Amino acid sequence: MGSDLEASSSSSLLQSPAVKEDTPLLGSANPLSSQPKTFANVFIAIVGAGVLGLPYAFKRTGWVMSLLMLFSVAFFTYYCMMLLVYTRRKIESVIGFSKINSFGDLGYTICGSPGRIIVDLLIILSQTGFCVGYLIFIGNTMADVYNSPTATDLSPKILGLAPKVVYVWGCLPFQLGLNSIPTLTHLAPLSIFADVVDLGAMVVVMIKDVLIYFKQSPSVEAFGGFSVFFYGMGVAVYAFEGIGMVLPLESETKNKEKFGSVLGLSMAFITVLYGAFGTLGYFAFGEDTKDMITGNLGSGLISTIVKLGLCINLFFTLPLMMNPVYEIVERRFWGGRYSLWLRWMLVFMVSLVALLVPNFADFLSLVGSAVCCALAFVLPALFHFMVFKQEMDVKGWCVDIGILVLGVVLGVSGTWSALLVIFSVKE
């Protein structure tokens, strides 16, 4: 009887979804994913362009400190992902909800419209932030491949403009076309292609890093000091961002009892991959490590193929990453109907911001701290606490509140640190 009273007390906080607010970000999925497919889906949801900035982050923070950060962030991210899963399971078991398909749906169910608005806003900022990073990478990489400085021309121009500006604006008309595609189904093959290219490029880069390291063996630092701690944490949080996909992935898993173990195995594999990529990149180039590790690969045929492959990868990934933004904005401002002009306006704004940010890795740290900390740590702990607080002991209270406070501290401090770095670069 005591557990029944606690359950009913917890459920008094929950809101019944209304038709307008409960429009899910993702459609209903077919729950047939095997464990290997779930493993692959988690990998696809998490691994992205953020990995390319890890060697530079290792340079700034030291390789030992960076590894400690990566493993710590991976553990807390996994823990918070499972908090979301447990919270949804609890709500569905108590009240019988069956359409909590997304992070935003969960926010609305627990906190009503304010919960939906906060989650939606953070998803918009994170997804557009990823896309800004993609365009920065494409612009800088294309300029490095085709318009790198020479002894006779230290600042090459195209039609009087910086090469990065030309390449970013050159992507715009093609991105307007790709982002006009109304259904995510037609973009799915691009996602598979993009992730195959991404993983292949990472393997090639690591092999080159090992060969270069044995040739030059530059000096490296283990610890970069406390002043860069929050900067490194921001990059690490960005690299593991994918918490918005956890609930949809768990929904389509065939054996839900083993979802936690599969998710943990996926996170462990990704963490080891990230650690190896960051460490090898820093060990190969030392203090000369650039904000995008591809900038260190030289001008050979293999390096050029890797760089262009990554550019193509991110070019076709961008409309996929923008799709959740379109669904939120169209639901909010266009009655859930397709709106071409809203999509084009958002693509234009993302391109404009990409031109204003000078450094890829610094931007990763800013987005990771300002947005991803809230999505990955603060909201999962808050939602779990609100639903389970009547049932938890003092230890449970301390863990949830501790993660919430940690997320706020990392977010505020990391944002401030990243802004200082970005503005110092501009000066």
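Count begins at 1; order follows the chain as displayed.
Cβ atoms here come from the backbone N, Cα and C positions, even for glycine.
As annotated by TrEMBL, domain 'Amino acid transporter transmembrane' applies to 34-418.
The transmembrane segment annotation in TrEMBL covers 38-58 (among others).
Long-range contacts of the transmembrane segment (64-86) within its own chain (CB-CB distance under 8 A, at least 6 residues past either end) are made by residues 54, 57-58, 103, 106, 222-224, 229, 232-233, 236-237, 239-240, 243, 246-247, 250, 259-260, 263-264, 267-268, 270-271, 274-275, 278-279, 282, 376-377, 380-381, 383-384, 388, 400, 403, 406. Residues or ranges marked as transmembrane segment in TrEMBL: 64-86 (among others).
Feature annotation from TrEMBL assigns transmembrane segment to 117-138 (among others). Among residues of the same chain six or more beyond the transmembrane segment (117-138), those with a C-beta under 8 A of the stretch's C-beta atoms are 25, 48-50, 52, 103-104, 106-108, 111, 167-168, 171, 241, 244, 292, 310-311, 314-315, 317-318, 321-322, 324-325, 328-329, 332, 346, 349-351, 353-354, 357, 360, 363-364, 366-367, 370-372, 374-375, 379.
Per TrEMBL, the feature transmembrane segment maps to 158-178 (among others).
The transmembrane segment annotation in TrEMBL covers 190-214 (among others).
Residues or ranges marked as transmembrane segment in TrEMBL: 226-247 (among others). Remote same-chain residues near the transmembrane segment (226-247) are listed as 25, 41-42, 45-46, 50-51, 53-54, 57, 60-61, 65-66, 69-70, 72-74, 77, 80-81, 84-85, 88, 100-103, 105-106, 123, 126, 130, 263, 267, 270, 274, 324, 361, 364-369, 372-373, 375-376, 380, 410, 413-418, 421 (criterion: CB distance under 8 Å, separation of at least six residues from the stretch ends).
Counting residues 6+ beyond its ends, the transmembrane segment (259-285) has Cβ neighbours under 8 Å at 35, 38-39, 42-43, 46-47, 51, 54-55, 57-59, 63, 66-67, 70-71, 74, 77-78, 81-82, 85, 202, 205-206, 208-210, 212-213, 216, 218, 220, 239-240, 246, 249-250, 253, 293, 296 in the same chain. The transmembrane segment annotation in TrEMBL covers 259-285 (among others).
Panel annotation: around the transmembrane segment (297-320), residues 48-49, 52, 131, 134-135, 137-138, 141-142, 144-145, 148, 171, 174-175, 178-179, 181, 184, 187, 190-191, 193-195, 197-198, 200-201, 204-205, 208 of the same chain, lying at least six beyond its termini, place a Cβ under 8 Å from a Cβ of the stretch. Residues annotated as transmembrane segment in TrEMBL: 297-320 (among others).
Counting residues 6+ beyond its ends, the transmembrane segment (340-357) has Cβ neighbours under 8 Å at 128, 131-132, 135-136, 139, 164-165, 168-169, 171-172, 175-176, 179-180, 322, 325-326, 329-330, 333-334, 363, 422 in the same chain. The annotation transmembrane segment is assigned in TrEMBL to 340-357 (among others).
Under the heading transmembrane segment, TrEMBL lists 363-385 (among others).
Among the features that TrEMBL reports, transmembrane segment is placed at 397-423 (among others). Below 8 angstroms of C-beta separation, residues 76, 79-80, 83, 228, 230-231, 233-234, 237, 357-359, 362-363, 365-366, 368-370, 373-374, 376-378, 380-382, 384-385, 388-389 of the same chain, each at least six residues beyond the ends of the transmembrane segment (397-423), sit close to that stretch.
Within its own chain, the transmembrane segment (158-178) is flanked in space by residues 135, 138-140, 142-143, 146-147, 187, 315-316, 318-319, 344, 347-348, 351, 354-355, which lie at least six positions past its ends and keep a Cβ under 8 Å from the stretch.
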